[in-house]
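Enquirer: My structure is below; once you've seen it, I'll send some questions.
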Amino acid sequence: MKPGGFWLHLTLLGASLPAALGWMDPGTSRGPDVGVGESQAEEPRSFEVTRREGLSSHNELLASCGKKFCSRGSRCVLSRKTGEPECQCLEACRPSYVPVCGSDGRFYENHCKLHRAACLLGKRITVIHSKDCFLKGDTCTMAGYARLKNVLLALQTRLQPLQEGDSRQDPASQKRLLVESLFRDLDADGNGHLSSSELAQHVLKKQDLDEDLLGCSPGDLLRFDDYNSDSSLTLREFYMAFQVVQLSLAPEDRVSVTTVTVGLSTVLTCAVHGDLRPPIIWKRNGLTLNFLDLEDINDFGEDDSLYITKVTTIHMGNYTCHASGHEQLFQTHVLQVNVPPVIRVYPESQAQEPGVAASLRCHAEGIPMPRITWLKNGVDVSTQMSKQLSLLANGSELHISSVRYEDTGAYTCIAKNEVGVDEDISSLFIEDSARKTLANILWREEGLSVGNMFYVFSDDGIIVIHPVDCEIQRHLKPTEKIFMSYEEICPQREKNATQPCQWVSAVNVRNRYIYVAQPALSRVLVVDIQAQKVLQSIGVDPLPAKLSYDKSHDQVWVLSWGDVHKSRPSLQVITEASTGQSQHLIRTPFAGVDDFFIPPTNLIINHIRFGFIFNKSDPAVHKVDLETMMPLKTIGLHHHGCVPQAMAHTHLGGYFFIQCRQDSPASAARQLLVDSVTDSVLGPNGDVTGTPHTSPDGRFIVSAAADSPWLHVQEITVRGEIQTLYDLQINSGISDLAFQRSFTESNQYNIYAALHTEPDLLFLELSTGKVGMLKNLKEPPAGPAQPWGGTHRIMRDSGLFGQYLLTPARESLFLINGRQNTLRCEVSGIKGGTTVVWVGEV
């Protein structure tokens, strides 16, 4: 080496030695745990600013920082304001993975990042030789991450307040401007991407924080919201992280009406649009559907549409959709369900003598309401109208005032609406008495002798009453024998002692058999309607108190109390009930049953899958599978403090109405609403109280109680909405009520209600609210109630086409003519007739 070159190298070494010593002061000297790569990463960056400022600045920095000692994670720089040397936290560390645990409980990728974090936070963080933070993983939770983002926006608002013009914008636009401002501040190199190093530079100092961030830092933005996993955040991803979206919904799309035919599938698509739109949330009656495991709403598709696999009338109603986190902008979908007509005619066949009046009736149900037309032997009868022939109740009844031989024929009722048509035939034969055929004689004398009757279970056995003639057609005395066992119907406990029969509940099984409970004898009798005999007795658990027929599965459910204190209740099921003889008695697994409810069928809904059980003092209803007799789920009512007492159901909109037990004698028995689609409690049914009763077509809900002077009438619209028609105040509470089809207007109903303390009957026309009273009835049954419950004064109707109703008095029965709204007759000498069944055509 040349002598000059030697002295030059020596001079440079001497100039750089103080700077080198400045980085190795005792307070900052590196121990053996510091990687070589880290020191190399920190030192070159110490001169990053001075390189840009030229050689003179470089020499000045070397001279000034030579005596300035900076701790790890920082470097010496000249202050632009004062020109004096100062320590500044490192902007970044060279990427390397030598993980360590900090004394703050956090995990760091290397020592440099630990020291840099200590510098930025202004607190001491040392290396802990423990594996706890490795096992614990990242401590930043979703809750902490949400709090972090709120803090970032709050600090940004403090650092860069919105301008006057911006502050007048809506909150969503203000938030968008704030997030854009934060993004620009974080994007140090201005390339439109936030890297981990840029996010790491934005460390929140302790003095800026009003709340704990639960182990989160700005670097966690990459962990949670780097959707394309490219280790950087674009403005679009930054928008999504802070839920900044610009959503739109056209005014004409705010309410969308979708009409679908029952049994088909349908798709509801949300019209809320916008860049970066979050996932769509669907709700029904305020309950989120997306996360429920529903049988018929189970696929939301790639475009977040709502897919209903098989639409039924319970699905009708309102559905709303909105982008997650933006509930203020929502679309309402009104789902209307159309149902093709279903009709019944009455009678299917009749024979009349010339000169008498004849009526042919047709009942049709469907959505929209079907239109009815009549054909006689294929010809439209509307072209043959005369004084003799007329159409009543919007065409639902064809009336011939005086029949002639030429009126003989097949009369076809046709019901039609927008989605279908149905028809059935009612035949009319005109023959004088001398020309009666054997078939007509049998139809008149045999068929009518067992069908279209009230079967009354009284103190003196079983009494069959024909309402047209007001006569007792058949009387099965208590001493008559049971066909299969030869026991007496009502055995006497002591000789020469007359003891009344005791009945509590009876059901009609397909107009073939009547099942009736005898609580004191712990058995159920099976009455053969055609043979007019008691066929057999079925022994059940002690004190059977309630029977219910599940037509869909041909089962009779029997609730027994065990004793009068209901201390050992049980629920049994008699299968194959319509066979009359080959039944099986099955014990269900349910314990502590206080009551149960099986929804009724109707023309549109002919299959019921589920029933409901109430347990004593339990604020819940338990849903059971009627086929397997196994529990499915529990619908809790404890949030509403409701112990269920009674239930009703309408298939229109799928509502269950639950009557709660009274909290005190002075309080009213309020009601709750349950949605059968989601099995969720919707809340109180307004101010409605009392026991709910649903009309046969599911359109009207009438609520009343024996201890309340109020009667509430509600209607379900074709859109599945519950509307209160009116509330009536009456002088006495309602003991029981029955629905009667209107004879003046098709698809309308009236009710007849037995007053609790007065002998009168209340008549109400549901469509108009017109009220009347039927007087001159005798006092209702008196005395203490039976130990197994039940009302003293019942009301029983006579089926879909019947015009008669029955209610008991103390020692007689009263028959009401619903067509004429008058008292038909009184049948005397019948005591204890509070268990009654109507039997239609046999």
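Backbone N, Cα and C define each Cβ position, glycine as well.
Here the structure is a predicted model, which means the values were calculated and not measured.
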Enquirer: From the set Asn318, Asn615, which residue is assigned the annotation N-linked glycosylation site by Swiss-Prot?
Expert: Asn318
Enquirer: Among Cys321, Cys413, which cysteine is annotated in Swiss-Prot as forming a disulphide with Cys362?
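Expert: If we follow Swiss-Prot, the cysteine bonded to Cys362 turns out to be Cys413.
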Enquirer: Express the distance between the Cα positions of Cys362 (disulfide bond) and Asp187 (Ca(2+) binding site) as a whole number of Å.
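Expert: On Cα coordinates alone, these residues lie 78 Å apart.
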Enquirer: Could you tell me what the rest of the chain brings near the domain 'EF-hand' (174-209), counting residues at least six beyond its ends with Cβ under 8 Å?
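Expert: Same-chain contacts beyond the flanks: 91-92, 113, 116-117, 120-123, 151-153, 155-157, 159-160, 162, 166-167, 217-219, 221-222, 231-235, 238-239, 242, 244, 246.
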Enquirer: Say you check the Cα of Asp189 (Ca(2+) binding site) against those of the disulfide-bonded residues Cys87, Cys93, Cys112, Cys270, Cys413; which is nearest?
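Expert: Result for Asp189 (Ca(2+) binding site): the nearest of the disulfide-bonded residues is Cys93.
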Enquirer: Apart from Asp187, Asp189, Asn191, His193, Glu198, which residues in this chain have a Cβ no more than 8 Å from the mean position of the Cβ atoms of those residues at the Ca(2+) site?
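Expert: Same chain, not in Asp187, Asp189, Asn191, His193, Glu198, Cβ within 8 Å: Leu186, Ala188, Gly190, Gly192, Leu194, Ser195, Ser232.
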Enquirer: Can you break down the domain 'Kazal-like' (81-135) into helix, strand and coil residue counts using DSSP?
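Expert: Going by DSSP assignments, the domain 'Kazal-like' (81-135) contains 15 helix, 12 strand, 28 coil.
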Enquirer: Could you state the whole-number distance in Å separating the C-alpha atoms of Cys101 (disulfide bond) and Asn191 (Ca(2+) binding site)?
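Expert: Cys101 (disulfide bond) and Asn191 (Ca(2+) binding site) have their Cα atoms 33 Å apart.
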Enquirer: What's the CA to CA span in angstrom from Cys119 (disulfide bond) over to Asp187 (Ca(2+) binding site)?
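Expert: Rounded to the nearest whole number, the Cα-Cα distance is 21 Å.
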Enquirer: Give me the CA-CA distance between Cys112 (disulfide bond) and Asp187 (Ca(2+) binding site), in Å, as a whole number.
Expert: 22
Enquirer: With H, G and I counted as helix, E and B as strand and the rest as coil, say where DSSP puts Glu198 (Ca(2+) binding site).
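Expert: In the DSSP reduction, Glu198 (Ca(2+) binding site) maps to helix.
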Enquirer: Under a criterion of Cβ-Cβ distance under 8 Å and sequence separation of at least 6, what residues of the same chain contact Asp187 (Ca(2+) binding site)?
Expert: His193, Leu194, Glu198
